[in-house]
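Engineer: Before we start, here is the structure in question, set down as structure tokens.
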Amino acid sequence: MITGHAVCLGPDIDTDLIIAGRYLRTKDRSVWGAHVFEDLDPSLAGRLSGAVIVAGRNFGCGSSREQAPVALREAGVVAVISPLFARIFFRNAINVGLPVLEADLTCRNGDQIAINLDCGTLSSAGTIHPFTPLSPRMREILSAGGLVQYWREKA
Amino acid sequence: MSQTLTERILGGSAGEYIDRRVDRAYVHDGTGVLTVEAFHSMGVQRGMNPEKISVLFDHICPANNGLTADLQRELRQYARSGGMIFSDCGGGICHQIMSEGCILPGEVVVGADSHSCTGGAFGAFATGVGATDMAAIWASGETWFRVPETIGIKLEGRLSGAAEAKDLALSVVSRLGMEGATYCALEYSGEGAGTLDMEDRLCICNMGVETGAKNAIFYADQICREYLGSYGHDIALQIQDDCSYLREITIDLDDIVPVIASPHRVDSGRPVADLAGTGVDQVLLGTCTNGRYNDLQRFAGIVRGKQVKIRTIVVPASRDVLLRATRDGILADLIAAGCTVVSPGCGPCLGMHNGVLGEGEVCLSTANRNFKNRMGVGGSIYLASPGTAAATALAGYISEPEVWE
Ligand code: SF4
């Protein structure tokens with residue numbers, strides 16, 4: 001079970017907005033978490049610990065940078081919900097162990113959200129919402145903690 | 001039932017999850033660092049033939065500071081000692097190098113960069129993946145895909161007047177919207193497709209991802225065959241089946257006019273005429289969208305013998321492009337007109353060096369993306385064709401190419 005408080009965002013949030021190109025040249029992941037959403041709203045980073053981001057359509061469009069979902073995880077985001085994700089971001093998020101769910105919610109900041117990936121249920125402020133189920137392989141990768149861990153288990 | 005070209009190459013029907021062998025895989029100096037790190041953390045052996053893997057330095061080339069230089073040094077060593085195909089700084093943009101004879105029809109090509117869809121111009125399935133996915137591909141030589149639904153784009157007629165392939169690409173993105181083709185393949189066909197040369201097709205496929213598409217693809221025809229023939233490949237032609245599309249749109253190339261996308265949305269294209277006169281501080285000719293030989297040629301054709309009024313940066317997409325433009329005098333014409341030529345690569349496209357924008361500055365770029373702050377904090381980007389870029393460089397404000405021809 002994944003639980004967290006909702007942080008609402010608009011549509012078309014691109015990966016440059018999630019983590020700006022100027023912070024990419026490092027292997028120090030904490031840098032990405034510290035500067036997440038800096039060009040969108042610098043106050044956001046402080047509200048992300050234990051958060052479920054509920055975004056508008058087309059979340060994660062643009063560059064293939066995997067630092068974007070890593071930055072969200074580093075900042076404490078536990079899941080992202082959007083009616084539609086850009087496909088590379090979606091795949092990267094699963095690969096770094098960040099649950100991403102396709103669902104259309106009305107978002108209010110602070111609402112309590114609970115997600116059960118195995119049962120396929122999502123509730124927001126007590127109301128149940130449907131979401132597009134993840135493929136069995138995606139669930140396996142997520143439950144391993146990401147693709148690296150998934151491969152380590154296989155190796 | 002007949003299949004779309006993407007279904008045919010992947011060997012499955014839309015919606016199916018498949019595992020597929022990867023024919024070629026490439027990374028650049030940015031994503032390569034993370035790929036190697038993920039690969040080591042996985043604790044696996046490389047299963048993929050290193051000769052199928054390319055490591056191509058382009059994003060910050062040559063390095064802009066010590067940190068970048070250190071990361072590049074490690075990756076350079078890794079690529080060389082691992083027997084991978086390696087191109088150092090100055091070789092050019094990864095997508096351009098791959099398109100110089102390294103991608104063949106029917107192949108499955110993955111690049112750790114979102115614009116890896118460029119290679120679909122050759123009738124290949126080419127798509128972008130993240131660094132960790134790439135590490136798993138290095139390990140196993142294969143990956144999983146969900147076979148995408150296909151949106152058919154039927155082209156009729158022929159580009160005319162000042163309209164270029166870029167104007168078509170921007171028109172398609174504006175028509176479909178930034179998420180209009182999310183998860184889909186864009187398949188170009190029709191008689192109009194046969195009037196476009198390979199550089200045009202590369203530019204069009206390059207912008208496929210701006211609609212959210214997984215890949216964009218043209219059928220390999222005689223034009224493709226001749227182009228790849230010049231690199232020593234003899235390819236079979238791909239013939240279109242009578243397939244069914246998720247939806248189909250028809251575009252008459254004769255209707256395409258010079259188009260410009262305004263900050264900060266790539267799908268905001270409208271006729272250049274609507275914005276003529278808007279002030280601009282910098283022009284950028286280059287990137288994986290429009291840094292090819294014919295783009296430099298088109299630009300030089302407009303500025304030759306005149307002087308640009310604003311700072312104008314030219315970044316050839318590859319060493320090959322630079323060499324050709326040097327040998328036939330195009331480069332001299334650009335320099336004489338006042339342009340600044342920088343080393344082949346991504347240049348200022350991602351706002352790291354060689355033309356970063358200052359607060360409030362405006363750039364007209366031939367790139368594919370105009371996200372907020374991309375070329376520098378507080379800077380704004382308009383996207384247009386090389387012809388519009390040349391006209392704008394001469395005027396000092398947004399200007400239609402016709403005015404200067
Ligand atoms: S030229 Fe720009 S868009 Fe193309 S690969 Fe380089 S940074 Fe990306």
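Including glycine, each Cβ sits where the backbone N, Cα and C put it.
Annotations in TrEMBL come from automatic prediction, not curation.
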Engineer: Since TrEMBL lists B:CYS346, B:CYS349 for [4Fe-4S] cluster, which candidate among B:CYS288, B:CYS339 does it give for that site as well?
Structural biologist: B:CYS288
Engineer: Any same-chain residues 6+ apart from B:CYS346 ([4Fe-4S] cluster binding site) with CB under 8 Å of its CB? Would you list them in sequence order, or say none?
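Structural biologist: Residues satisfying the criterion: B:ASP58, B:HIS59, B:ILE60, B:CYS61, B:ILE93, B:THR287, B:CYS288, B:VAL315.
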Engineer: Below 8 Å between Cβ atoms and chain A: which of B:CYS288, B:CYS346, B:CYS349 make it? I'm asking about the binding-site residues.
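Structural biologist: Qualifying residues, whose Cβ lies under 8 Å from chain A: none.
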Engineer: Tell me the coarse DSSP state (helix, strand, coil) of B:CYS349 ([4Fe-4S] cluster binding site).
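Structural biologist: Going by the DSSP assignment, B:CYS349 ([4Fe-4S] cluster binding site) falls within a helical segment, counted as helix.
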Engineer: Reduce the DSSP letter at B:CYS288 ([4Fe-4S] cluster binding site) to three states and note it down.
Structural biologist: helix
